[in-house]
């Protein structure tokens, strides 16, 4: 979920780069670009994870209400793995450097997870799963294991990559901004490539060996996408780790290694936190309660509600479902393009609107309206199928409406990935609190709501007929409330 992780890594950057290895000066820009390019490989995999894996696990027989529990690994690893990797990366004395061992380990874990996910159906079949059975339990277990390893691996990769850029910048503010700008650029490249691959329905023809007795066309496409993902990641990682030196670190007598561990600082900060920061945490938490149901089930909504397919139906229904999934991946690609363009204009728009809190409040209204409009698009699609028949594809207008919602949601998503972190920095500066600590506390307001949604959205959807709309409506309400709170109580 790297869009989800992208700005949480700022906590890691601040923490890790603060104890950089002594360098003669900033490294050449070409070396920073080489390290930043790893983000393209990371985001390619995240894009596939966000667009294809929730539908795929349902094709393996998991009921609609359960995939959200598998997604729990995202916030859990964001809460535990990412700070832990940062902590130990700061203190790594390996002769290969502080960052390279963690980056290499993360890339290898991604490769392992991709094999487990892509070949889950094949491994499950060889272990006794019956192809004609609706639930392939062994494949589901292997898939879930690979899914969790993938989340852990991505969190192992991202923090050290950003910290490596901080080390290479050697404290130069302009170089640091430039390095992070390149990292964001390659994230956008990876997103677009990943969603484009996910939207292409005939990718398996390039890798014909991916289609097997246990692995149908959708499975073979997924497998092919992940082959491209791991190839890209391994190539850019090997080039960066070979080309860019990571000097061995030796702890100094006056280093901060013996200070309170980061988690202890975080929990201690809640005791002394002032009202402006509490208000920021409330708005952020509501914002992520609004976002997470859609991020979990957006492509499933396209396949299930808009296209009228069924992951557990006959071949025709599964084909409809798969068509919707691929169109949903196209929508996510449009979302990423709008997000990237919007990110470039945030500062200017914020000034014209009179401040960050007004901009955040305004785009949360857009978020609420777009989530509510999924109900209208769904009803129009259902009405069309009642008239034209249950196997009828959605009209061009319905499809365009759904894709427009995906694209428009790139606007509030860009704000969600930037404004909360900027406000946390401003509040921490004005109150005298450490920026690293404030961003760490903000991270808690992101991952805890994600865990709550992961536990709750599946059962809520099941309670109202196993569709996606109940979770989206809850998200729309949370977005509206967060908008009101942003306008009225944020400093």
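Cβ coordinates come from backbone N, Cα and C, glycine included.
Relative to the membrane, residue 213 and residue 442 are recorded by Swiss-Prot on opposite sides. Within the listed segments 203-223, 224-244, Swiss-Prot records transmembrane segment for the stretch 224-244. Matching 256-276, 277-297, 298-318 against Swiss-Prot, the residues noted as transmembrane segment span 277-297.
For the transmembrane segment (33-53), same-chain residues at least 6 beyond its ends with a Cβ under 8 Å from one of its own Cβ atoms are 1-3, 5, 103, 107, 110, 114, 117, 147, 150, 154, 157-158, 161, 164-165, 168, 179, 182-191, 193-195, 197-198, 222, 225-226, 228-230, 232-237, 239-240, 243-244, 295, 298-299, 325, 328-329, 332, 336. Between the transmembrane segment (101-121) and the transmembrane segment (181-201), the number of CB pairs under 8 angstroms, six or more residues apart, is fewer than three, so the stretches are not in contact. Pairs of Cβ atoms less than 8 Å apart link the transmembrane segment (181-201) most often to 324-344, out of 277-297, 324-344, 403-423, 469-489. Listed as Cβ neighbours of the topological domain 'Extracellular' (122-138) (distance under 8 Å, sequence separation of 6 or more from its ends, same chain) are residues 60-62, 116, 212-215, 312. Under the criterion of 3 or more C-beta pairs below 8 Å, with sequence separation of 6 or more, the transmembrane segment (469-489) and the transmembrane segment (359-379) qualify as touching. Residue counts for the topological domain 'Extracellular' (122-138) under DSSP, helix first, then strand, then coil, are 7 helix, 0 strand, 10 coil.
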